[in-house]
Amino acid sequence: MAKSMKLAGLKSVENAHDESVWTATWVPATGSRPPLLLTGSLDETVKVWRPDELDLVRTNTGHCLGVVSVAAHPSGVIAASAALDSFVRVFDVDTNATIATLESPPSEVWQMQFDPKGTTLAVAGGGSASIKLWDTATWRLVATLSIPRPEGSKPSEKSGSKKFVLSVTWSPDGRRLACGSMDGTISVFDVARAKFLRHLEGHYMPVRSLVFSPEHDSRKLYSASDDGHVHIHDVEGKAIIGAMSGHTGWVLSVDVSPDGEAIATGSSDKTVRLWDFKMRAAIQVMSNHTDQVWAVAFRPGGRGDRLASVSDDKSISLYHCS
């Protein structure tokens with residue numbers, strides 16, 4: 001039987017930002033530098049960090065409100081940050097030059113992710129109850145994937161608030177997009193046909209984080225919800241494959257290791273948990289943070305030997321995964 005992954009604390013940076021840290025992602029390595037960690041905060045900045053010491057490389061300003069999402073292009077050359085001001089700033093990671101500024105209506109920009117090939121940026125569209133797709137060659141809005149209205153509801157009825165889209169993730173082959181909503185539903189889309197496929201039921205509170213298992217033809221989707229559960233879905237079926245519980249608060253973030261073997265979550269219960277998919281159980285609980293943990297992120301590539309977490313306590317923690 002394969003040995004389960006273990007986490008060991010490597011480095012924590014207190015007061016990494018002036019306010020709550022809401023989002024984190026890894027920027028892939030380029031020919032000239034190793035992977036970097038990006039964090040975004042209520043303090044309106046994005047910071048770039050060099051592992052393993054978590055040395056601060058740069059602080060990016062330019063947003064007028066808190067930063068809710070950061071996303072890195074698979075090339076490692078560019079990244080994007082989104083804030084409560086509904087602007088997405090696309091920038092060069094190494095020079096911080098602004099490449100594009102994408103504007104959306106108020107409260108229509110939440111989580112973002114570049115597709116695996118890097119041709120499209122998907123943005124969780126909040127109150128628009130949709131996913132917006134931006135072309136990375138022209139930085140134009142090229143598609144809006146809308147969640148269908150519930151049967152029998154009139155256009156005037158406020159069903160949109162329930163379908164408020166918080167989270168978004170691409171399948172590893174780029175053929176599917178899934179988004180999580182305020183009412184707990186997950187919607188799955190066929191990207192090439194810009195077609196809604198199905199809802200995945202099971203959660204009854206906001207789904208703030210989603211991630212596909214990394215196998216190329218993966219149909220397995222992990223979701224994290226305020227209901228305290230992590231669900232595992234088959235996106236081509238409708239079935240829940242499994243459910244995992246253990247957090248005593250909202251599950252705010254979920255990520256899967258690059259080898260697909262381990263799952264990490266962050267919660268309002270102030271802990272980071274490492275789960276074994278086969279055992280459907282938490283195998284480790286990390287209590288480095290003193291407030292809710294908004295994001296967990298495995299470093300891409302290989303087995304994923306690093307995990308980062310960020311929190312309302314303004315700190316970043318970096319763990320060695322073995």
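Cβ coordinates come from backbone N, Cα and C, glycine included.
Predicted automatically and left uncurated, TrEMBL annotations should be read as such.
Copied over from TrEMBL, here are the features:
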REPEAT    14-59  repeat 'WD'
REPEAT    60-101  repeat 'WD'
REPEAT    158-199  repeat 'WD'
REPEAT    200-236  repeat 'WD'
REPEAT    244-285  repeat 'WD'
REPEAT    286-322  repeat 'WD'
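Long-range neighbours of the repeat 'WD' (60-101) within the same chain, counting only residues 6 or more positions beyond its ends whose Cβ lies under 8 Å from a Cβ of the stretch, are 19-20, 22-30, 33, 35-36, 38-48, 107-114, 116-118, 121, 123-124, 134, 136, 139. Per-residue pLDDT, averaged over the repeat 'WD' (158-199), rounds to 92. With pairs at least 6 apart in sequence, the repeat 'WD' (286-322) and the repeat 'WD' (14-59) have 3 or more Cβ pairs within the 8 Å limit; the two touch.
Using a Cβ-Cβ cut-off under 8 Å and counting only residues 6 or more beyond its ends in the same chain, the repeat 'WD' (286-322) has close neighbours at 5-26, 28-29, 35, 37, 39, 41, 49, 51-52, 54, 249-250, 252-259, 261-262, 264-274. Here the repeat 'WD' (244-285) has long-range neighbours at 2, 4-7, 205-206, 208-215, 218, 222-232, 291-304, 307, 309, 311, 317, 319, 321, meaning same-chain residues at least 6 beyond its ends whose C-beta is under 8 angstroms from one of its own. Per DSSP, the secondary structure of the repeat 'WD' (158-199) breaks down as 0 helix, 22 strand, 20 coil.
Summarised by DSSP class, the composition of the repeat 'WD' (200-236) is 0 helix, 19 strand, 18 coil.
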